[in-house]
Every structure is written in C-alpha cells, then in structure tokens.
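**Q** What follows is a structure written as structure tokens; I'll ask about it next.
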Amino acid sequence: MADTAQGRRKRGNFKFFDNFNWYVPGVGQMFILLLMLLVGAVLGNLVTLAFTLAGGQEAASDYAMLIAYPVMFIPAMMYAGARSKIASCSSAGVKLDSGNYGRTGGLICGLLVVAATLASGFCLDISTALLPEMPEQLEEMLKGMTTGVIWANFISVSIFAPLFEEWLCRGMILRGLLHNRVRPVWAVLISSAFFALIHLNPWQAVPAFALGCLFGYVYYKTGSLKLTMLMHFTNNTFSLILSNMDSLKDMDSWMQVMPATLYWIVFAACILLLVLIVRTFARIPLLSREGNCDKVESLFG
C-alpha cells in the first residue's frame, strides 16, 4: 500500500511531458505513431470541414487550425500516454525533457540555439533555387497559414507546431531510437526524415530535414526538449514575421532583396557561426552513448 501511495503521489506531480517518460518507442512503434498521426489528420480535416460548413471558407481558413492542429496529435498522444502508464508500473523510463547543458549553462545554450536556427534558415534559403517552382495552389495554401488572422496564425505556427511536432519527432521518435540501440547518427537522420515526411511536400520537407538534423543534435547533446521547441519557435516565428512585412512577404529568396556580394558574405558568416555553435555543443559531456536524456525509475519497482 505504501508503494502504491508513493506512486500516486509521483503521478500527481507529473509535468505534462513526464506522462510519456516510460514509453520508449523503437522502429516498429514509430510506424504505429505515424498511423496514429494519419488518423489524427483525418479527424483534423473533419474539424476543418465543420468550420467550413458552419462559417464558410474564410472562417475555416482563419480559425480551423486552432482546433484541427491539436486534434491531429490527440490519437498519438493518447496511445503514447497509455503505453507509458502501463510501462511505468514495472519498467524504467527515459525523460522527454532533461537539462544537461554542461558548463555552457541553459541560458547560453538558449541564446546559441536561437542564433543557430536563424543562421540555418538563411543558409537553407539556397534550397529554393535547387527545387522546382512550387505549385500555385500549394503556395497559396502555405501563405494562408501565415498571412491570415495574425494572432490565430501565431498560436498555430509558433506555439502549437513547436509543441506538438517536437514532442513527436524529438521527444518520441528520436528519444526512442536512441534508447533502442540505434546509432546516434542514424537516429538523428531517421527522426529528421520523419520530421520532413509529416510536412507532406518537398518545398517544406527539404529544409525541415536539415533543421531536424540540427534540432536532433541539440537534443542528443542536452536532452532538452525545451531547447528544440525554442529552435522550432524561432524558425516559425521568424517566417511568420517575414510573411507579414509588406516589403518581404512576396520574397522567395534572400537573393531577390540582397546584393549578390552581401548575400554570400552573410552566407559564409552563417556557416562559420553554425560551426562554432556546433563545436560548443560538442563539448557537452554525454551521460551515455544514447545521449543526455535522464533515466527515470519505474513507479512501483
């Protein structure tokens, strides 16, 4: 009875992410999570349809994502939460969100990842020139996610996307692969490919894969989901700001608004900055081969 009471006290003190600490999915479970996400996408589309029928296309375009986006992740979260609850009774787990920043410290790490994200975003601008022109219908749809009602877009793009996508791609997929004996480099690459896949189009998938590798490396070295959420927030919010600036909202590439010489100077400076920041994170000591996510004991044994 004492153990049961202790377990309940621990469970009552959970932070949100702690509910998933004991679910450590391997490669097979990764596909189940993807299936759950597809089920959620169907539910999200039904929400969008309901908005369209109730308030018209404009209401659906402006506000449906506020509900449809979280709904998309509910099946995966319910499944992961249930699996974690069962496993917590007898198995050790791995924290989704740790804080192993080494001597660098959390504040400096936070500033560094913001700088790294902005630098990466500028460097990835070149991918625009390597891909074919985006279909007009897709371009209009993506613009609608950033140029409608600003507060609704901010919640969807800058709050919900970092929260839910980082929970899934780093907190679930990458953490699970690392702790199921997948080599770190492959774990980062696979989780980044998963991150790219859920964006459903190559114009977003290519930069998403590259950013996913950076996010994954930071997570591997620190175990901090807060840092990767901050990086995701930085990237999405910067894009949202640019999309609402009259002088830049129609820009496809920085090459269109910067002299060529200045563009390549900034590009080289961003590469150098990225190298220095990655080297700083490389100095953070690892707790184990699986990375810097803290282990947690089972609740009852």
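Cβ from N, Cα, C; glycine included.
Where the annotation comes from TrEMBL, it is an automatic prediction and has not been curated.
Heads up, here are the entries from TrEMBL:
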- 150-238: domain 'CAAX prenyl protease 2/Lysostaphin resistance protein A-like' (DOMAIN)
- 20-43: transmembrane segment (TRANSMEM)
- 63-82: transmembrane segment (TRANSMEM)
- 105-130: transmembrane segment (TRANSMEM)
- 150-169: transmembrane segment (TRANSMEM)
- 181-198: transmembrane segment (TRANSMEM)
- 263-282: transmembrane segment (TRANSMEM)
**Q** Might you confirm whether the transmembrane segment (150-169) is in contact with the transmembrane segment (63-82), defined here as three or more C-beta pairs under 8 A between residues 6 or more apart in sequence?
**A** yes
**Q** With DSSP, how much of the domain 'CAAX prenyl protease 2/Lysostaphin resistance protein A-like' (150-238) is helix, how much strand and how much coil, in residues?
**A** 78 helix, 0 strand, 11 coil
**Q** Averaged across the domain 'CAAX prenyl protease 2/Lysostaphin resistance protein A-like' (150-238), what pLDDT does the model get? Just tell me the whole number, please.
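**A** Averaged over the domain 'CAAX prenyl protease 2/Lysostaphin resistance protein A-like' (150-238), per-residue pLDDT gives 94.
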